């Protein structure tokens, strides 16, 4: 047993720091005296050294060392051909025991992917002949192709993964996301379903994700529910998270939160999907719960985007937009495919008046999640903020035609129509259609109430809001009802509605303003004195709450505040 064999055994035993030191010393010896080690042994030492560096997360250095190993392998291949031609059987045996050249190329591609050098990663993997590509190489290639927009190549690679591993469910999701028909994907798994017992659920699972990626939320919900109710798959965390996400996409916040909570109770270390859960909780005004959730996820892992997004949502809904911007950027740095991080950063940029930058982020979110309407809503809000009504109308019409006339698409189109006096009547018709489909859809209720307020149809607005609040409790709806009640001089109940709104979201500034306005009208003298006092007391704090452009740098220097310690 020679010294290189000892290094190999240490590498196999996971003694990476030891391997790094001793392989470095041995390689230096080899450079000073090339006769000490054979070309095969030097190749082995370079690979083991690169593996140890990779383990230390020095990816540029590792990629360089792996490339040196491949250069050494070329030298080895030349000498091996000579030995083989002279009948060296021992040389063949030794060659078979060497680290795989294909595996080394995969490692180089992995380094490039981590360094976000996707083109270089594709180039390395493309250099591997198709017949020599393992399932993990095809999977990496498929993901890289999809990210680069090379959809046809991505589909081919995903199919190759499934050909070799028919239960590769992430590859199935990849194919469905690229608009491959569910029936075609299911046919590729039929043999394994028929040959292995208790896999009959797989075809239904494929159908559910086909509906998700086609944007058919209601059928996706029904299909996942039918799966989740089966005794063998009951309480599966992945299914619950998927169900929660589809409820969210369908605009059913109540059921989305319920399913996220159920999944979280089953798996306290759950990270996947928690960014959406944190966003929904923040939007509903439960900022204390969001802060606790973010802290808990940081303790689980600060190397995932989700905890950063959750803390960013807490900052955004506390109106600290610079901090939200920093946290969103940090989340994107960890996972450039995080749709929720892109939406957070886009919303922060929009609210800071940097609309053109926000548009870039919303467009990227749309590219990654073409069936998520909140991506389109963010972009439309940006267009409206910059008086781009024509662009907003074009996009809203496109969503309506592409995804069909459901409550969400009707409401989006109506929102744009409300911005133009010429199309106000069309907006009213669209909102009536949306509410006929889903009387509890909050966004449609809010927009219809806004329209009735413009038309001063206060009694009709009160009836609409009372009907909506009969089956749900929502801060915005209670506040709007308060505004309508003030308009008809019902001050006592208006005060009650503002109080309920503030109990649901203590940070709702409009409800607070409504209460203060009523108090001022009831006792003008007292209210004036009180208001002046509030102004003096809060004059030094409002700027801190809003944040400033320079604040992002300040937060960058204080990462321990975000759970880094």
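Just so you know, glycine gets a Cβ as well, placed from its N, Cα and C.
As stated in TrEMBL, the feature region 'Disordered' covers range 514-565 out of the listed 462-513, 514-565.
Proximity of distant same-chain residues to the compositional bias 'Basic and acidic residues' (514-523), defined by a Cβ-Cβ separation under 8 Å and at least 6 residues beyond the stretch ends, is recorded for 479, 482-483, 486, 491, 494-495, 498-499, 502, 530-531. Taken through DSSP, the repeat 'TPR' (237-270) splits into 27 helix, 0 strand, 7 coil.
Using a Cβ-Cβ cut-off under 8 Å and counting only residues 6 or more beyond its ends in the same chain, the repeat 'TPR' (475-508) has close neighbours at 284-285, 287, 317-319, 442, 445-446, 449, 453, 456, 458-459, 461-462, 465-466, 468-469, 514-515, 517-518, 522. Long-range contacts of the repeat 'TPR' (237-270) within the same chain, counting only residues at least 6 positions beyond its ends with a Cβ under 8 Å from a Cβ of the stretch, are 208-209, 212, 217-218, 220-221, 224-225, 227-228, 276-277, 280-281, 283-284, 300, 371-373, 407-408, 438, 441-443, 472. Remote same-chain partners of the repeat 'TPR' (339-372), defined as residues 6 or more beyond its termini with a Cβ less than 8 Å from a stretch Cβ, comprise 212-215, 249, 275-276, 279, 305-306, 308-309, 312-313, 316, 321-322, 324-325, 327-329, 331-332, 378-379, 381-383, 385-386, 403, 549. Residues in the repeat 'TPR' (339-372) partition by DSSP class (helix H, G, I; strand E, B; coil) as 27 helix, 0 strand, 7 coil.
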